[in-house]
Amino acid sequence: MASTGSTAVAPETRDTWSSPSGFILAAIGSAVGLGNIWRFPGVAFESGGGAFIVPYLCALLTAGIPILFLDYSIGHRYRAAAPLAFRRMSRPTEALGWFQIMLSFVIAVYYAAVIAWSMSYFVYSFNLSWGEDTLAFFTGEYLKVGDPGVSATIVPSVAIPVVLVWVAVLVVLALKVSDGVQKVTVVFIPLLFVAFAGLVIRAITLPGAMDGLNALFTPDWSALSNLNVWIAAYSQIFFSLSIAFGIMVTYASYQRRKTNMTTSGLVVAFANSSFEILAGIGVFATLGFMAHQQDVAVGDLEGLTGPILSFVTFPAVINQMPGGNIFGAVFFGALIMAGFTSIISILLGVAASVQEKFGLSRTASAITVSAVCAVISIALFSTTSGLIALDTVDQWANNVGIITSAIVMTIVVVWVVRKSGVLNRHLNAVSTFKIGRVWVVLIGVLAPIFLTVMLVDKLISLIGDGYEGYPQWYLALFGWGTIAFVVVAALILTAIPWKGRDNKDFVAWPDVDEEVER
Amino acid sequence: MSGSAVMMMIVAMVVVWGGLIASILFLRARPKVDDTLLEDPDMVREDTARLHEPHPTRDL
């Protein structure tokens, strides 16, 4: 770490610029998470295969990167986690910051469960203890999935790793070893790329691999007229880039004032998607191998989506693969490590917000936040209803929550508090990749219109058709209930008087306000 | 692989991996803005204080 030695500052002698590679690797560590490995391949396959590439690239270029820049600019200019950053931009928008932070909170709660499952499967992969019928093992023997409902039946084989994840999180936060996590990230992200590249090379040399890639990339153009496919693409980009739920605002706030934000942002966004494409190729080459073994078409394989893909289909492939246990250990090891660095950064975003609002110490707020998360997480996801709860919460938090957050944020910034000009000039003042009016058009017009159309369509489908055939009362509780919880919590947290770090003398830097209407 | 699948794969790789390479090259060519921005020493001090707060995603 540079410049942590002395607090006696001699500005003229200090290099306030950081090494771009450190900044970028750390940012990629935060962006590359479960979304890339666990979520992308299944979403791509069920949303039109090769045709999904079109909405995916559109989402990346027209909304993903512009909104990443928006998150960066707010955090970097107002130098605080989401609630305080929004409050400094314009006081009433604090509530939006809390809405985003509460979404992070919800995501952290179920993220831990997926990491826990990966831990179990990492162990299982050494002797392939999931047996021949991997679906029966995952939903039956391992998770003991019951009917949708509120279950109090603890499943010890799941509860233990979930508790372990939270213990690890609390230890990391309590011992203030997050500096260590930061260092681990810098070592680990290149390692993850190398390990995963090895996995992909192994996968594409398997018989049938090309059929898998064919299934992934063959375009089903009719999918493009299906709004759900577009929604899936946008929410995948948002979830995967960790944008519009407060993480990147917090993240940018910790960067030095002179940091090349947009250029680094481009590297981060493309690296994240590069990893995602790599994961898609690896996963589908592997699925092609499985289809080849079973002598069926890839499209006829069952369980290519969501958790089933990682925890049912993949183990089945590993069973048939020469050297499968090493392959399995690398795959689940990658899931654990990618997930763990991301959950720490999600929780620190929440913790930083609580710390700033209530004036707690950093450690106290980190531990309080994680303890609350841990209790909810253990209660919800170590029981027989864990998988169904996770599936439902994931659906609503991402496809309703994050999309809504993005719409509200873009409209509020551009049209209500009218800060897009200032933020645009801010980014240009510190960055070498200059963004023009196109950026304002993208975040102010195109993104909100597009996202609103998609959100309305999604809402109609969720209200009309429900989700996965789960009972309506269940969706009301865990789906809509999640959104209601986030909104109510955001309003309460906003209403509580500000006790912590809200420096009245705060001055945004650099001074780019001249063209601003006052 | 079918022609259309190969085409979509190439499109995805060119845009995403090409974008990654292009943005890395751009960053290497232009790593920072011209040193015309002068920072207030108070702000530098505040930043330095914030630097001491551990954070997993801050640059090194």
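In case you wondered, yes, glycine gets a Cβ from its N, Cα and C as well.
According to TrEMBL, the transmembrane segment annotation covers A:21-40 (among others).
The annotation transmembrane segment is assigned in TrEMBL to A:52-74 (among others).
Sequence annotations record features per position, and here TrEMBL assigns transmembrane segment to A:95-119 (among others). Tertiary neighbourhood of the transmembrane segment (A:95-119): same-chain residues 33-34, 38, 81-87, 142-143, 158, 161-162, 164-166, 169, 244-247, 249, 307, 310-311, 332, 335-336, 339-340, 342-343, 346-347, 349-350, 353, 369, 373-374, 376-377, 380-382, 386, 389-390, 393-394, 397, 401-402, 405, 408-409, 412, 482, 485-487, 489-491, 493-494, selected by CB-CB distance under 8 Å and a gap of 6+ residues from either end.
Taken from TrEMBL, the feature transmembrane segment covers A:154-175 (among others).
Here TrEMBL flags A:187-209 (among others) as transmembrane segment. Remote same-chain residues near the transmembrane segment (A:187-209) are listed as 25, 28-29, 32, 37, 275, 278-279, 281-283, 285-286, 288-293, 321, 323, 327, 330-331, 333-334, 337-338, 341 (criterion: CB distance under 8 Å, separation of at least six residues from the stretch ends).
Annotated transmembrane segment per TrEMBL: A:229-254 (among others), in sequence order. Residues of the same chain lying 6 or more positions beyond the ends of the transmembrane segment (A:229-254) and with a Cβ under 8 Å from any Cβ of it are 27, 30-31, 33, 35-36, 39-40, 43-44, 46-48, 51-52, 55-56, 58-60, 63-64, 67-68, 71-76, 78-82, 85, 97, 100-101, 103-104, 107, 223, 261, 268-269, 272-273, 276, 342, 345-346, 348-350, 352-353, 398-399, 401-403, 405-406, 409, 450-451, 454-455, 457-458.
Here TrEMBL flags A:266-291 (among others) as transmembrane segment. Same-chain neighbours of the transmembrane segment (A:266-291): 24, 27-28, 31-32, 35-37, 40-41, 44-45, 60, 64-65, 68, 193, 196-197, 199-200, 203-204, 206-216, 240-241, 297-298, 300-301, 304, 309, 313-314, 316-317, 320-321, 433, counting only residues six or more beyond its ends whose CB sits under 8 Å from a CB of the stretch.
Annotation comment: TrEMBL describes A:326-354 (among others) as transmembrane segment.
The transmembrane segment annotation in TrEMBL covers A:366-390 (among others).
The transmembrane segment annotation in TrEMBL covers A:396-417 (among others).
Annotation comment: TrEMBL describes A:438-461 (among others) as transmembrane segment.
Sequence-distant neighbours of the transmembrane segment (A:473-496) (same chain, 6+ residues past either end, Cβ-Cβ under 8 Å): 83, 94-96, 98-99, 101-103, 105-106, 148-150, 357, 388-389, 392-393, 395-397, 400-401, 404, 462, 466-467. Residues or ranges marked as transmembrane segment in TrEMBL: A:473-496 (among others).
The recorded stretches the transmembrane segment (A:52-74) and the transmembrane segment (A:396-417) share 3+ CB pairs below 8 A when only pairs 6 or more apart in sequence are counted, and are therefore in contact. The largest share of C-beta pairs under 8 angstroms with the transmembrane segment (A:396-417) comes from A:438-461, of the ranges A:21-40, A:154-175, A:326-354, A:366-390, A:438-461.
Residues of the same chain lying 6 or more positions beyond the ends of the transmembrane segment (A:21-40) and with a Cβ under 8 Å from any Cβ of it are 111, 114-115, 182, 185-186, 188-190, 192, 196, 236, 239-242, 247-248, 251, 255, 259, 264-265, 267-269, 271-272, 275-276, 279-280, 283, 306-307, 309-310, 331, 334-335, 338-339, 341-343, 345. If you look at the transmembrane segment (A:366-390), the same-chain residues 6 or more away from its ends with a CB under 8 A from one of its CBs are 105, 108-110, 112-114, 116, 139, 143-155, 158-159, 162-163, 166, 169-170, 173-174, 307, 347-348, 350-351, 354-355, 360, 470, 474, 478. Only residues 6 or more beyond the boundaries of the transmembrane segment (A:154-175), in the same chain, are considered here, and those with a CB under 8 A from a CB of the stretch are 112-113, 115-117, 119-120, 142-144, 181, 340, 343-344, 347-348, 351, 363, 366-367, 370-371, 373-374, 377-378, 381-384, 386.
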